[in-house]
């Protein structure tokens, strides 16, 4: 497949030691060579790097001192010729280099276009392409491992095997229908067809069983920290994040907005939301923060309720317990370094079967126990090995759910005595749905939509 030559800045914009301009396409080497003062890039070997300067042809002025990497097709990310110009990381210099390359008839790449070309040129499938973005956005080592496994094609191979099984079953059905007189072909009975379809259904179910943990590793657990003002919510956030992000004072109501931060808890990414203290208040700004806190609490996957060990429970405390019924929550009884005034029996009663953790955040006590409780709640204390294949992408989960339904429809039809040839419709639809995961049976509009979500230069 032939495309025009494209270029984009592949590194994050801003001041830094190095910036990279990536160029891909049939004419990439020749067009960069026009503005490169050094070796003749068209004559150098593949996968080599060369020192030189980028020159403005209009003024013959040296613009940048660079190192240029040459990678020749097909052994490149896009399976096209690729040039990467390594220059200094200032905004002006890297943009000037890009503009000089574009002036040679190169087009500015669209977001995700390099990865899109890798897909369209057959180097990776669609699920592997999506994993590239997951790797970039990974918040923990575990999330990174999930993305790498998908990039290496582990999910693709699982899906490929299932599609092959369905295809072989369809071929077997077809032969039985078209050539019933062949004695050397096994008869496709209802029993055999149910066995084959059930096996596919079970394999789809196994993959889907990893989706809850996979989605958590990919997207994180939305975790709201709630409680009355000055019970230690911001201190808890800072203890988990291990930096002073929130304002911690003795003045009630100092957290007037919602503060968010990602934190790695035993390999699980938590999207922590420190909310304004929930209480009745006349302060308009604080009221807005309180309302947003209630909204965040309703949307959270996990709620951490913080109460004060050194004060009796209030009606506001008890109202929080009632508000989180039906959600996953953990109770943190903070400030155990102060004299006890809270009734722990009442806390346990309000918490029902949920975990209650005592902490003294000022003395850094109880945080490890809290982290273990979170891991226990969502991963039963352990996370599978790095070699485990998870399905974490919402698009993949949706397609697998559809495939489970259509293969289930096929099994139900067989059990109800529907003619075997009629069952082909559901089997074929299952095969097509699974193909959408890897991009084998996907519409061009969806491809464009998926890659438009990528960052520029990737």
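The chain as shown is numbered from 1 upward.
Glycine is treated like the rest: Cβ placed from N, Cα and C.
Sequence annotations record features per position, and here Swiss-Prot assigns (6S)-5-formyl-5,6,7,8-tetrahydrofolate binding site to 22, 84, 123, 458. The domain 'TrmE-type G' feature in Swiss-Prot is assigned to 220-379. Residues or ranges marked as GTP binding site by Swiss-Prot on the basis of sequence analysis: 230-235, 249-255, 274-277. The K(+) binding site annotation in Swiss-Prot covers 230, 249, 251, 254 and rests on sequence analysis. Under the heading Mg(2+) binding site, Swiss-Prot lists 234, 255, citing sequence analysis as support.
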Binding-site residues (230, 234), the one with most neighbouring Cβ atoms at 10 Å: 234
When distances run from the Cα of residue 230 (GTP binding site) to each of the binding-site residues 22, 84, 458, the nearest one: 458
Local backbone state of residue 230 (GTP binding site), from DSSP in three classes: coil
Span of 22, 84, 123, 458 around (6S)-5-formyl-5,6,7,8-tetrahydrofolate - largest C-alpha separation, Å: 19
Which listed residue (22, 123, 233, 458) has most other Cβ within 10 Å, given these are binding-site residues: 233
Top Cα neighbour of residue 234 (Mg(2+) binding site) in the set of binding-site residues 22, 84, 123, 458: 458
Distance, residue 233 (GTP binding site) to residue 458 ((6S)-5-formyl-5,6,7,8-tetrahydrofolate binding site) (CA atoms, angstrom): 39
Rounded mean pLDDT for the residues that make up the domain 'TrmE-type G' (220-379): 77
Same chain, 6+ residues apart, C-beta under 8 Å of the C-beta of residue 84 ((6S)-5-formyl-5,6,7,8-tetrahydrofolate binding site), given in sequence order: 10, 20, 21, 22, 23, 68, 69, 71
Residue 123 ((6S)-5-formyl-5,6,7,8-tetrahydrofolate binding site) and residue 233 (GTP binding site), Cα-Cα, nearest whole angstrom: 48
Structural state of residue 458 ((6S)-5-formyl-5,6,7,8-tetrahydrofolate binding site), classified by DSSP into three states: coil
